[in-house]
Structures are given as structure tokens and as C-alpha cells.
Amino acid sequence: MPSRERLQALRYNLIPDHLIGEILTKRWTDNAIPFLVLVAVIALFGTAIPGFFNPFSLQESTRQLGEFAIVVIGLTVVMLGGGIDLSVGSIFALATFASVGSFFILGLPVWAAFLAALATGALFGAINGYLVGFLRLRAFLTTLVTFIIGRAVFDILVVQFGAAIQMSFASSDAWDFIGDGTFAGLSVPVIAAGLLALVTHVTLTRARIGWHILAVGGSRRSAHNAGIKVRRTVFLTYVFSGLCSGAAGFLIACRLSGAGPGTGAGLEILALTAAVVGGNALGGGRGSVVKGLMGAVIVLVMTNGLIRLGYGTGTNQMVLGIMLAVAVTIDIRWLKNRHKVLNEVYVAPVYLKMGEPQSAEPHSGTPYALNNRLAAAEHIGLGELEGPEDVILDADDHLYCGTRHGEIVRYFAPDYTRSEVFAHVGGFPLGLAFDRDGNLISCVGAMGLYKIAPDRTVTRLSAETRRSLTSVQDDARLRDPNDLDIAPDGRIYFTDSTKRYDAHDWTLDSIENRGTGRLLVYDPRDGSTKTLLDGYRYTNGVCMAHDGKSLYFAESWACRIHRYWLEGPKAGTAECVIKDMPGYTDNINRASDGTYWMAWLGMRTPSFDLSLRHPAMRKRMTRRLPQDDWLFPNINTGGIVKFDDSGRILQTFGDLTGENHPMVTSMREHKGELFIGGILNNRIGRYRIEGADPEWTGMRAYWGTRA
Amino acid sequence: MGFLGSLNQERIVFAIAVAIFVVAALTLPGFFTADNLVAIVRSVSVLGILALGMAIIVIGRGIDLSMVAVMAMSVAWYLQMLGNGMSDGAALGLALAGVVAIGFANGFLVAYAEVPAIFVTLASASFVYGLVRSQLIGSDAVPVPPGHWVAELGALRLADVPVEVFVFAGLALAAFVFLRFTKWGRYVYYAGDNPAAARNVGMPVRPMLVLRYVLSSLVAFAAGILTAGSLQSMNTRVVNSPQLYDIVLVTVIGGIGLAGGKGGVRNVLIGAALIGIMLNAMTILDIPLLYQNLIKSAILLAAIIFDGVLNPRDEQTAQQGDI
């Protein structure tokens, strides 16, 4: 091996490039930038301001932070629902006045002052919510106007009652404690903000209403179509924001024991900047309470820091303006380009040197030499079918196959011209097998393992396995269940081809060529699913050996067949039986003479084999070329191979014309005939096998005469 | 249809304005006098000029919340430079360059970075105010140097009518001609009605957007010069006052839909007339300023609700994130 190639092998097989793409798919990566800014801001001002970290100073600044954070949490929830609330400053001021007025002028107890603040916030929020939610006005402008109205009302109230408040002698220990006291070193606003953040976070991520809010923010129309009461949900977000601002207003009322013209001034742009700088998306659907909190800390540390460092009037506005503009621009650009970045970096090819295959050229004299026998196959369902990946026949000779539309179609014996939709499963039903009781079990691409009873009821058997400890991406989910077979004891062995790509992106997996395919077993006795083997390059067909003591499975992109032992001295281990085949291996099924049929979904080409030794080239290809120009495995020619338990190749069948069965993904022998499926074909082939047992059926071979 | 069908916001507002005018003329002493009528027009001239700039932006489906900040801060900076002894030409050149730069930055972020106009201009308003206030001027209010042309402009009267009335009339005519008779003026409507379609047929939608924001900044500067002329100083605290919302009020209430593509100079004039008459009547009635603010904002809310009911948002074509 030349050293250049050795270097490439080391570089692409040892450095886990694929993790970058997987990490980028995580929603929490959005938090990375705000978090770095947070650390930088605190470090900067913490060192520039003497005594920044001393406990008393922290206690005082966090008191203000608590109030501010409560307002930001409310605004965050509104933004998650796709709206915006600029009136928070007015609500805050009015609520402050409500509690101060109740306490000092009316002489009400503290709890009544608190309720007055909450009621003010809820009422104001309800007005906003009605206008924006039910009347569907534009949120920004509407809350801007209600903000001015609220401010005008507040100014009038302060002028009228300001003197009366200052003259009052009302006092209360509870009021003072909320304003000045601490509990275990924490001030009341900080505790309140912490509790609110926790409750809001849990509600947003776990509760029904939280999901509704995120759904409405993510896509209003889809949420409506899904039956969510969009208008009411939007309404509630504004009420919540009003309540938050109300509570914050009460806290500052206790702290300052008064309300003046400056109360809540400029709060709207502070809160908005905080929410956006923290990484909450404008327009909704993406964001979290944590983001809001990070933004609140950044903005408050920054603005207070600038004041404490003695910068003059206006510096704050300047910095806030820049922060808002930069944060919004980054947010918009990131949202717009995120999927492009992800597309660019997700495919991370690895190095593989395939072994030299024996030729499959016609008349080459090798056991693999292709011929034109399949050109003689008759067709079933020509033009009616789309994507019969696997086919199977039941005890009454009826023929079943899955389709691209998520259906299982049944063709009636004996001539297979009439058909019906046997069951609608969804996804893309791939591998099929009958169990002892005549239930049809299917590996449904993108969904999982499903059972269709003879009365057509569809039951999900398994959609997940145990997550592996080192996985970045959730690999518990079955992304591409491909084929299955059933052991004599009823356990279902099946493959999940890749952890990295969804079922319809299987071609991308072939270009990446990373070994993430698995062999799993589902146990019907306790409903558990276990991963038996992992790390194969696209595990595909599965077939029980005739004696039921081992099974064969195909590893498509490596062009190999492995044998996995269920019992005997090698139980639980796998060994490679056939390697370096000239075609990409697919489904395997039993043949009547004690051997096995195996499909080739396509043939290897020297060019693609070479490209597998050049991962850098494939990486460049996926980044720079449109997908139509990519080099893919050849799937325009396939075939069928027959092999025996010793791994010897007995026969091959091909369609050199490329007209009937260019690609083959499955074949079933039944009463002397071979039924042929292909995932990209529009027909099922029917081929009479010379010398085959005309009475042999798969059902009897598996489950005896009883079935 | 008939009578009700022919009712639209413009006609309703016009009728209300006429009704208030008639009632005020009959009941309020000193309302229907030549001096007071001039005062009404004068009081809305600056507002009207700003509203013309805003109207061109809103018709093109945008909004400019930085107008008041640009108006106050650019003129304050200009006056400060004059006060520091800089030559008039250099100071004016610098101030204009700053104004164009802000308009350009607004337009660029809206057109090319595709950030919603509301956020861009909200941020730039804060930035402009903060930058000028903290770095470029010394105090909140900057006086006009005595004998300077800005001061003379403010004192100028033509047939007893202050000059800003003529400026307003002239700019209104210019805006009318631009929107109605020039190619790029017509394009504003197409771009406001359906930006994607306008772009597909080959209009330079993005450069036009930038141009509009530059225009509105220049209009704001002109309005600032007139304000400074009549008050003999520029008080930058106006940035924190509700004047911005008065501009939106004048623009929207006459019937220019915020969704864009609708309205014209006539709507601005009608809106300005209503607000001018109302403010004047309230002042004669001696309603305190605080209550005037409340009444104005309540009317603005009513106008927005009305606009929302008349031009409901189309859920099928409304873009996600269009807030």
C-alpha cells in the first residue's frame, strides 16, 4: 500500500469526522455561541470591575437579575410561540404601581399587593393575547402600541398618586424581607426566578401546552392542521408573559418601595435583546428557557458593567443596539443556512480497500459469470407496483409485497392478476416473513418491526433497542430496519442497516461506507429487542439456515455474507462465509434443495471500488457537486446467486438486457417457481426453475406441514 | 355593496376628520380662525414630512423605527460640530454622510441579510442614539448657533405662513410624483405587494429597498433641520418620546396598509389632517399632554385593529416568522 493511501486510511478511519455532523444535528449546539459570549462577558467585566465577585455585590446584582430574568422568561415563551411582546416594560411598571398602590395607599396586606400585581399583568397580557391571538394582529406593532398606552396610563397614575405613596407610613416585615432579605444567601427574586425557570422549562419540554406552544411557533399552519387550538395557545403565551412581568413588578415594588417615572423604562429593548442574544429564534419554535436566562445574564452584566465602569449616557443604548442587530442577523443567517452547513459536513466518508472480486462477466468461466436467464421471467403487477423490495407467499399461494406507499399488497393465486391492499402500515415495508401462526412480520423502513395478523390488524413489535454508551446521535431508534427471519423458537432476527441515515437516504450511506449496520433480535416472549452485532457496512438480508442452528446475513457495501451462530460451540459469534463478491449483497432466502438464494442489488464497478480508497475525493464530491453528478454504486445490473452451506457458489441468474429485472433485492422460491422483487422495480418477476421441487414451499420448510 | 362597500379606511378617517373639524369650529372658541388654521397645519408639518418618508417604506412592506433617532441625533451632531467651530460645509457633509450611512446600513441588513425591518431599525435607533449621545455631543440639547441659516430658516415666513408648511407641501408633491409617475416609484408598490414576484420579473428589489431606507433617513434629517429651526435647538430627549408612534399613526391611520402595496400621499395628508385637528382641539380644550398621549395611542390601536380587520393576514401566504 502506498504511503499516501496509508495516510488517507489513518486520517479518515481514525478521526471521527462524522461526529461533527451528528453534533450539529443536536438542538443544544444552538447554545454554544450564547454560552461562549456569556463566559466572555463575565470574564471581561469580572476582571475590569473591582469587587465584581464579592458576595455582597453579587447578591445585589443578582437581585436585579432575578427580576429581569422573570421578565425575559415570559418574553421567551411568547417568542417560542411565534410572537413578540414589547409591552413588558409597561406591564412591569403598571404592576409595580398596582402593588405599591395596594400596599401604601389602600393599606392592603402584602399578599393582596402581590395578587394585584399578578392581576394587572394577567389582564394586560390577556388584552395583548386577544389582539394578537384571536384578532391575529401583527404582534410587534400591536404590543408596541399597547406598550405606549400602558406607559401613558402609568405616567398619569404616577403623577396623580405619587405624593400619596411617598406620604404613606405603611410597612411590613414580609414586604421588607422580599425586598431586602435573603434565604440561604439567595435573595427572593433569585429564588423566584429559579423556580419559575424550572417550572417553565419542564412545562415547555414535558407538558402538553408547552409542546403546543413550540408547535405553533414552529409552524402555525401545521399546528392548526394538527388540531391544535392555535389562537388560544398564542393568547395564553401573552397571558403568561403578562403574569411574569406582573410578578417582576411586584418584586421591584418591594425592593424600591415606590414607583417613579423611570420604572421599567427601556425594559422592552433590554428584555428583547436578552431573549435574542440568548439564541431564541425570532418567529418562534426554536429556543428555550435556558437560552433566555443566558441572554438575561449577558445583557444585565454588560449594561450594569458599563454603568459601573463609568461610561456616559447613551453608551448602553449603543451597545444594546449593536448586540441586538448582531444577534438577530446571526440568528437569521444561521437559521437560513443551518441545513446547508449540515448537508455539507454530514457525509463523512471512510477508507476501504475492497478485495479483488472474481469476475461476473458473462462467459468469464467463474462461478459468478452472469447470464441472461432472468430476461425470460414473466411479470406480475407490471406498472401497478412501486418498490416491491421483498416478496413472500403464504400457505394458500397468495403473493405479498410491500410498496413505496407504505402498503402491503396481496396478489391472489393462481394467476396473480387480481390484487388488493392487504394492510396499510406506513413507512416503506421492506423485508417480510411469516411466523408459525401465519402472522406476516415486516421490517418497515423508517419505522420498525411490525406484525400484520391474518385479520389485517397491524401491531408494532419493536422500534428501538438499547442505546449504545458512546453514541452522540440517538442510536436506539431503528432508522432503517431492512430484513428479518424467524428462528424455530419464534425469535425474530432482523437487521437495521445504518444508524446514520434514514431509509430513503441509503445511497448516501453507500458513499460514506461507514460500518454502522446492526443485527438485532426481537423476543416475542418478553417483547425485548437486543443488539447482537454492530459495525457492519449496511447489514441487509437475513435467512435462517435449514437446520435452524445459525443464520446468514448480508453486508451490502462490503459485498460479504456472514454466518451468525445461534447454538453450538460458536454460539453468539459471526464468521464471514463469502467475501469479495462482485455484487452488492441483499436478501437471502431458502432454496428447495437445501441451499440458499441471494440477491445482488447491484454490481461492483472498478471506478466505485477505487473511489472507496479515496475518501477525500468522495468528501469533495459530496460538497462540490450536485447529487445528480455523484458517483454511486452501480444498481443498473443485479442478479441472483445460489450458494450452499459451505459458501460455494452454485448458480447465477442475470438480466443482461436490463429490461425485466435490472436490480434484484429479493427472491422467493415457491412450488418450483422463483418470485423476484426489486426496490426500484415496477413489477414482480416470476421465473420457473428447472429441476426444482414443485411441491416445496417456504411455509412448510419453516413451520412444517401444520402450517 | 353600495354605500357600506364603498367605505374604506381612507374615507372613514376623512369623514371623521371633517366631522371633528366642523364640531370644533362650531363649539370651540378660537378654533376656526386663520391663525389657528395655520397653527394646525404647522403643527403637523414636521410630522407629515416624517410620515411621507415612512409611507414610502411602508408601501414597500417595511417599517423604519429609527426615523426619530436619525432626525434628532443627526441634527444634534450637526449643530454640535457647528458649535465646535467646524466650517458649515464640512459639518453638513459629515452629518449627511452619517445619515446616508445609517440608511444604507438599515437597508442593507433588511435587503441582503433578510433581517426583519422592525428589528433592524429598532436596533439602529438605539445604536444611533447611543453613539451620538455618548461619543459625539455633550448634552441632551444642542442649540442652533445664532445667525446660522437653520435659525433663519425657522424664522422665515411667506405670507405669514411658516416655511415648514411649504416644505411639507413641496415634499408631498415630490413624493406624489415619485410614487405615481416614476418607474421606481411604481416598483415600490409591486415590491410591497409581492416581493418575490417583483424579484422574479427582474425588478432590482434589493437595491430599491436600500434606496428607500436612505431616502427615509434623508427625510428624517430634513425634518430635524426644520424642528431645530423652529425651536432654535435640538433636544435629543425626543428620541424617548412617543413621537415615533405619532409618525406611524399618521402613516397608518390614513389607510396605508402595513402589509404593503397600498396607499399613497393622499392617505398621509388625510392622516395628518386628522391628527392635526385632533391635537389642536385637545390643546384648546386644555387636555393635559399625558392624556393626549393616551388618546393618541388609543386611536392608533383602533386604527391597527381596523387595519387588521379590513386587511386580515392571509394565513396561507403569511410567512413563518413574519411578526
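Just so you know, glycine gets a Cβ as well, placed from its N, Cα and C.
Going by TrEMBL, these are the annotated features:
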TRANSMEM  A:32-56  transmembrane segment
TRANSMEM  A:68-97  transmembrane segment
TRANSMEM  A:103-127  transmembrane segment
TRANSMEM  A:139-163  transmembrane segment
TRANSMEM  A:183-204  transmembrane segment
TRANSMEM  A:235-258  transmembrane segment
TRANSMEM  A:264-282  transmembrane segment
TRANSMEM  A:289-311  transmembrane segment
DOMAIN    A:482-568  domain 'Strictosidine synthase conserved region'
Folded-back contacts onto the transmembrane segment (A:183-204), same chain, C-beta under 8 angstroms, at least six residues removed: 55, 59, 62-67, 69-70, 73, 77, 80, 177, 210, 213-214, 244, 247-248, 251, 254-255, 288-290, 293
Stretch with greatest number of CB pairs under 8 Å, the transmembrane segment (A:235-258) reference, A:32-56, A:68-97, A:103-127, A:139-163, A:289-311 candidates: A:68-97
Number of helical, extended and coil residues in the domain 'Strictosidine synthase conserved region' (A:482-568), per DSSP: 13 helix, 44 strand, 30 coil
Surrounding residues of the transmembrane segment (A:289-311) on its own chain - C-beta under 8 Å, 6+ positions past either end: 30-31, 34-35, 37-38, 41-42, 44-45, 48-49, 52, 61, 64-65, 68-69, 72-73, 75-76, 197, 200-201, 204, 270, 273-280, 319-320, 323
Listed stretch, out of A:32-56, A:103-127, A:139-163, A:264-282, that has the most CB pairs under 8 angstroms to the transmembrane segment (A:68-97): A:264-282
Per-region confidence, the domain 'Strictosidine synthase conserved region' (A:482-568) (mean pLDDT, whole number): 93
